[in-house]
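Per TrEMBL, domain 'G-protein coupled receptors family 1 profile' is recorded for 41-290. Look at TrEMBL and you will find 26-48, 60-79, 91-120, 140-164, 200-225, 237-253, 273-292 tagged as transmembrane segment.
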């Protein structure tokens, strides 16, 4: 029996956003629209940053990387979720579930670390502007992005390999709309309390530490901005930092609520709502918050549109 449970040929079944599919057509339409908006917004932002010479700065290089991650991030969960709204089986293969969990963890970790690096960029730009060209050189920016991708990939690989070698017994019904590590642990037929400590540690390192760094950076930025004599400089700095902090808070707080609790305290209904916020809403909001509240991006959009 245990051998069969470990078999890669055994499918999982995703419950979906709601257990009973009375609103599947409506939800399919809403999710598809959000998916399209996220892709269009992020693609537009990436193209603007690439085409407009005035946006070839470290800040916008990191922002373009964030948009690329967001496009991949929402594409990891939404297509399968939308397809399941129109399907009766809602099945996902063992291998497909493992790949989805790995990619989702990798992208989520990369975004968490990248947001921290973006706050560091704003801190240096406002608090140490004379050192900015040296501390945020092209080489350092590329190293930041590479570090975010590599560390999150290693973390995701370790968790995915460990979880999917565990014995799954009984029902393989995943009470979620995608394969996420916390939603898989209730299906494991052995004690996972020790492993949950490693999930907690990973969540604290990848989510909490960057979030605390962001709060500390912007606290320092706020002090410097208050001391500025220029009202224009104050408003620009506050606008840039407040938009970044809004997105970061939504992403980190919801992520921490999922990855720092033992599965015995999880509520499937609440977990799915929270997952919608950090896996769908955040990628939709990011390009608009960064562009609509940023005069440089809006200026680049007007120039490209003639």
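Keep in mind that glycine also has a Cβ here, set from the backbone N, Cα and C atoms.
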- [ ] Report yes or no: does the transmembrane segment (91-120) come within contact of the transmembrane segment (237-253), defined as 3 or more CB pairs under 8 Å with a sequence separation of 6 or more?
- [x] yes
Open item on the list: Suppose you look only at the domain 'G-protein coupled receptors family 1 profile' (41-290); what would the mean pLDDT be?
Closed with: 90
Task: Long-range neighbours of the transmembrane segment (273-292), counting only residues six or more past its ends (CB under 8 A) - done: 17, 31, 34-35, 37-38, 41-42, 44-45, 48, 63, 66-67, 70-71, 73-74, 76-78, 104, 108, 176-178, 180, 243-244, 246-247, 250-251, 254-255, 257-258, 298, 301
TODO: Go through the chain and flag residues at least 6 beyond the ends of the transmembrane segment (237-253) whose CB is under 8 A from any CB in it; none is fine as an answer.
DONE: 111-112, 115, 118-119, 122, 126, 207-208, 210-211, 214, 218, 221-222, 225, 228, 277-278, 281-282, 285-286, 289-290, 293-294
- [ ] Would you kindly list the residues that approach the transmembrane segment (60-79) from elsewhere in its chain, counting only those six or more residues past its ends and only Cβ-Cβ distances under 8 Å?
- [x] 31, 34-35, 38-39, 42-43, 45-46, 49-50, 100, 103-104, 107-108, 110-111, 114-115, 117-118, 121, 138, 141, 144-145, 177-178, 279-280, 282-284, 286-287, 290, 296
